[in-house]
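Below: the structure, in structure tokens.
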Amino acid sequence: MSRMPPRLPETDMIENAPSAVPASAAAPARGRFITFEGIDGAGKSSQIAAVVALLQAAGRDVDQTREPGGTALGERLRELLLHEPMHLETEAMLMFAARREHLAARIEPALAAGRWVVCDRFSDATFAYQVGGRGLDRAKFDALEAWVHPGLQPDLTLVFDLDPALAAARVASTGVDPDRFEREQRDFFERVRAAYLERARLAPLRICVIDAARSPEAIRADIERVVRERFFS
């Protein structure tokens, strides 16, 4: 028969009891991480402001950022990545180098402080563009992802899906000089699109595919519904 441990005197119980943590000193609840993805011209960037406004109206402190970029170093790497030709493995490693700096300097501190982070692109873009579009070895991508952000994935990813021909027409209509990714041929963007959809198939609880061929108003209503259902219902 097991024996009960001797009961401590009441004074000893009080002295040895853990002190209560004041509510003001308790760690804040972790923030949420939302990412926007899609091929160039899919219209994701124009919808980010709507989600940020929705979250702020719900009382959330929001940090809006982008990749590559988001930090002083990341923005310098962005210029190289968008405008300088390079080997596909160099491209992938620079993407993850910028991401590691972004995570350490901005994303991880924001989430730990309870702020919500809304980011234009993250590792799903590297999978789509470098693995799908460029043909980077999948094992190398997996190793980089596991090294740079082990255990961290967005809480919600919105993938804006659009036919590459329509996306290219949208990019051309802006009148802005295209960067080296935007200058790629249609078959490249077909592969990128397929990779995004494959990524969504593998992570259906995290990734929501948005039909980006509709009007901006219809898209906005759709993403606001998704965000409300995911976080506020």
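Cβ coordinates come from backbone N, Cα and C, glycine included.
Curation does not apply to TrEMBL; its annotations are automatic.
Taken from TrEMBL, the feature region 'Disordered' covers 1-21.
A mean pLDDT of 97 is what the model gives for the domain 'Thymidylate kinase-like' (36-223). TrEMBL lists 36-223 with the feature domain 'Thymidylate kinase-like'.
According to TrEMBL, the feature ATP binding site maps to G38, I39, D40, G41, A42, G43, K44, S45. The C-beta environment of S45 (ATP binding site), restricted to residues of the same chain at least 6 apart in sequence and closer than 8 Å, consists of F36, D120. Annotation note: S45 (ATP binding site) sits in a helical segment as assigned by DSSP.
Of the chain residues outside the ATP site list G38, I39, D40, G41, A42, G43, K44, S45, F160, L162, A167, R170, A212 have their Cβ within 8 Å of the site's Cβ mean position. Long-range Cβ proximity for I39 (ATP binding site), meaning a same-chain Cβ under 8 A and a gap of 6 or more residues, is found for A128, F160, L162, P164, A167, F189, V192, R193, Y196.
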